[in-house]
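Q: Structure incoming, see below.
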Amino acid sequence: MKYVGAHVSASGGLANAAIRAAEIEATAFALFTKNQRQWRAAPLSDETIAEFKAACEKYHFGPGQILPHDSYLINLGHPVEEALEKSRDAFIDEMTRCQQLGLTLLNFHPGSHLQQIPEEECLARIAESINIALAKTEGVTAVIENTAGQGSNLGFKFEHLAAIIDGVEDKSRVGVCIDTCHAFAAGYDLRSAEACEKTFAAFERIVGFQYLRGMHLNDAKSAFGSRVDRHHSLGEGNIGHDCFSWIMQDSRFDGIPLILETINPDIWAEEIAWLRAQQIAEVA
C-alpha cells in the first residue's frame with residue numbers, strides 16, 4: 001500500500017499537522033516537531049503529546065506513515081568540535097521528541113564539511129553523530145536524506161549515504177529518504193521510466209532498498225545535474241510526470257511515507273489524488 005501525503009504545518013499545535021493532513025486526504029505526512037530555524041524549543045508537554053497521539057489515532061496515521069524532519073540548523077558533520085557538539089545535542093533532542101510522540105522515524109540532512117575537512121572525515125563524523133544519538137534514544141530510526149549537493153553539503157551521491165550507513169553500528173535504526181528533486185539536481189536522471197529504472201538500480205546496488213524509509217516527491221525547477229535545490233509542482237518542472245507515475249506503480253515504494261514538498265500547498269490535495277490514480281494507470 002502506498003502512503004501519500006505532504007509536509008504540513010504544525011502551527012498552533014502538533015495535533016494540527018494530523019488534522020491538516022486529513023483535510024487533503026493524505027495517508028502520510030511530514031512535520032517539524034519544533035521551529036526548524038531555532039536551536040532550542042520548550043519541552044513537549046504531556047498535553048501536547050496526548051493531543052498529537054489522539055489526532056493521529058483519529059485520522060488513522062500510524063508511526064510508519066509519519067516522517068518528521070529535524071531542524072535545518074543541525075550539521076552532524078560539522079568540522080568544528082564545539083559546533084558539532086551543539087548539533088549533536090540538538091539532534092538527540094529531536095530524536096527524543098519523536099520518541100515521546102510515539103514516532104519511529106526522523107528525517108535529516110546529513111551534513112556539510114564547510115570546505116574545512118575532507119569528505120571522508122565529514123561522513124565519518126555524521127555516522128558517529130548517529131551512533132551517539134541512537135545510543136541515547138530508543139525506537140526511532142535516523143533517516144538520512146539525499147541532498148542536491150549545494151555548497152559543501154554531502155549526501156548528494158548514493159555512495160555518501162552508503163558510507164554513512166556503513167559507519168552506523170545499529171543498522172536496524174538507520175535508513176534513507178530519497179528526494180526526487182535532490183537526486184535529479186545531483187545528476188540522477190528521472191525523466192523517463194527507463195531513467196528511473198537505471199537510477200534506482202544504482203540505488204539498490206550501492207545503498208539497498210532495505211534502507212529506504214521514505215521519499216520526498218518533488219519536481220525540479222533546477223536543471224539536471226545543476227546541484228541546485230529548487231522544488232516544483234509535479235509535472236511542472238524538469239523531471240515531468242513519468243517519474244511519479246513509475247514510483248506509484250512500483251511495489252518497492254510501498255509501506256513508506258511518500259511526501260510532497262512541492263511549492264503550491266493549494267494543490268496538494270489534487271497532487272495526492274493524481275498520484276493515487278497513477279497506481280492503475282500506465283506510464284506513457
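Just so it is clear, glycine is given a Cβ too, placed from its N, Cα and C backbone atoms.
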Q: Determine which of His109, His231, His232, His241 appears in Swiss-Prot for the same Zn(2+) 1 site as His69, Glu145.
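A: The record-listed residue among the candidates is His109.
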Q: Given that Swiss-Prot annotates Glu145, His216, Glu261 as binding Zn(2+) 2, state which candidate in Asp170, Asp179, Asp189 belongs to that site as well.
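A: Site partner of Glu145, His216, Glu261 for Zn(2+) 2, according to Swiss-Prot: Asp179.
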Q: Is His182 (Zn(2+) 3 binding site) helix, strand or coil when read with DSSP?
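A: Once the DSSP labels are grouped into three classes, His182 (Zn(2+) 3 binding site) ends up as helix.
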Q: Identify, in sequence order, the residues in the chain of His216 (Zn(2+) 2 binding site) that are 6 or more apart from it along the sequence and have a CB within less than 8 Å of its CB; answer 'none' if there are none.
A: Glu145, Cys177, Ile178, Asp179, Thr180, Cys181, His182, Ile259, Leu260, Glu261
Q: Cα-Cα, whole number of Å: His69 (Zn(2+) 1 binding site) versus Asp229 (Zn(2+) 3 binding site)?
A: 17
